[in-house]
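In what follows, a single structure is set out as structure tokens and then discussed.
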Amino acid sequence: MRTHYCGQVTAADLDQTVTLCGWVHRRRDHGGVIFIDLRDREGLVQVVCDPDRAETFHTAESIRNEFVIELTGKVRRRPAGTENPNLVSGEIEVLCHTLEVLNASATPPFQLDDDNLSENVRLTHRVIDLRRPQMQKNLMLRYKVAMAFRRFLDAQGFIDVETPMLTKSTPEGARDYLVPSRVHPGQFFALPQSPQLFKQLLMVAGFDRYYQITKCFRDEDLRADRQPEFTQVDIETSFLDEAEITAIMEDMIRYVFREALAVELPNPFPRMTHAEAMRRYGSDKPDLRVTLELTDVTDAVQDVAFKVFSGPATSGGRVAALRVPGGASLTRGEIDEYTKFVGIYGARGLAYIKVNDVTKPNDEGLQSPIVKNLHEEALRTILERTGAESGDLIFFGADKTKVVNDALGALRTKLGHEKGYVSGAAWTPVWVVDFPMFEYDDESKRWVACHHPFTAPKDEHVELLESAPGECLAKAYDLALNGWEIGGGSVRIHRADMQSKVFRALNIGDEEAQLKFGFLLDALKYGAPPHGGLAFGLDRVVTLMTGAESIRDVIAFPKTQRAQCLLTDAPGEVDDKQLRELHIRLRQKIETQVEVAKA
């Protein structure tokens, strides 16, 4: 039907006759001539309908926004002064010869150039929303990124293998999405949170290098960077150690950015341990564009009169300082807003000191309600360690280590971007390595895996699995970019005895382990190779590349933060016949029936 895409007609096509199909983006009458901006996925082109062609002009008078049309016309140069440098086709226009309406359109629920729409409106009318040029650019970039991943992995000898979508529910990690079995009453499949165990089994089977771009499912509370179903670039390889795996993955990310954005990322990526990241940035995914850093002052305030500091400092907590250069100019109102902000992360307050004269480490040179409760030696140490200068402000966090890290880490990022404490680098990737193997869960009173229970401990820490699990480090690594974790992985356990030892450290006994993970333990007995891998969040990578506010802007049909699809009204009710076939009764309906019977 067409000879060209609208957005690809250029001055190279001058004097040619072209046939175009697309949507009417905008129609306007001007001096007896009708102008149509015709749109398809490649962009816009201006079409001119002259009254000299009466039939064509009459048809043009009847069309409205979002009508689908086909036209044939001649490409000509726009009159001088009317060019549009923002369009690929901005130097030319098409003089329309014939025009046919392929389909009319009802009045759209909103204009495509309306930037003030609520997300609910956009998601309810997602088909119309996806016609917006920015949304089409986002999804086209997503396609380019996915293809770049594939090209790189194909060239490196990785093979694409599909793994099951209906699998076994395991208790580790987030909640599973369960699928009832009709043919096995009372039993359930689970949708995979990741292909983790299957890709390990593929390594045991000898496939050496695997990848898959696949959907994963997690029934967890949603945030701006989370969805109940998300897309993962999943990778596993055999006979490579941690350094070799991360080197290949680093090359891959550089290749993807080069292909998709024509951007050169640093070579090599910086690396830091998890302990260093938490100490300096309060985060295991630090945004290195922000130049602010945390400074630990726990030891300096153990004997001060200010119990808010000395309490955590003497009971295993943390006291950290965040120096804000020139921050003494912050108003009381701004400080109050930052105090509210850290409260989101569990902080019970936000102490601060304004440094009016750094040469006077007392209430003469320092302005704060807390100065009188800190002795001069502590104040001098704080000023020296933070590198404070006159005119600066120092914020403090004092609490359990996790609360301090979460609160000051988030405040660091917020202050950095709001007040301009950022470097000139547009992209700051960083490997974070040597994660703790376990973390203690106060609610269940047991150790849980920081990554997952199939991660190998560092060789020199194997003996700590039983004696001091909290000190055991893992062969785990995450790749962070601009404050987002875009990928994470580890070297896996490839020996059955070691896997059983880790299960026991997690309070998973041999019988329970065999029941839940027997297929893995059995496979590891048959000559499993050393192996490891990594998974990248495709949605997150594309979100960063586009600068979108949410990953929902780079997914064609996303769920809301309440895990709903407003377009299809899912999840929804199903009829009783389907439930009976699945051997399911709804508790709410049963309770309602009982109440009716009692009445």
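Keep in mind that glycine also has a Cβ here, set from the backbone N, Cα and C atoms.
Looking up the ranges 196-199, 436-439, 544-547 in Swiss-Prot, the one annotated as region 'Aspartate' turns out to be 196-199. Record check: Swiss-Prot places Arg218, Asp219, Glu220, Glu485, Gly537, Leu538, Asp539, Arg540 at the ATP site, and the matching candidate among Gln227, Gln499 is Gln227. With a cut-off of 8 Å between Cβ atoms, the residues of this chain six or more beyond the region 'Aspartate' (196-199) that come close are 163-164, 167, 210, 212, 234, 236, 452, 454, 517, 519-520, 533. Each of the recorded positions His30, Gly81, Arg218, His451, Arg492 was scored by the other Cβ atoms within 10 Å of its Cβ; the lowest score goes to Gly81.
The two recorded residues, Glu220 (ATP binding site) and Arg492 (L-aspartate binding site), show a Cα separation of 25 Å. When the recorded positions His30, Arg218, His451, Arg492 are compared by Cα distance to Glu485 (ATP binding site), the shortest distance belongs to His451. Nearest Cα neighbour of Arg540 (ATP binding site) among the listed recorded positions (His30, Gly81, Arg218, His451, Arg492): Arg218.
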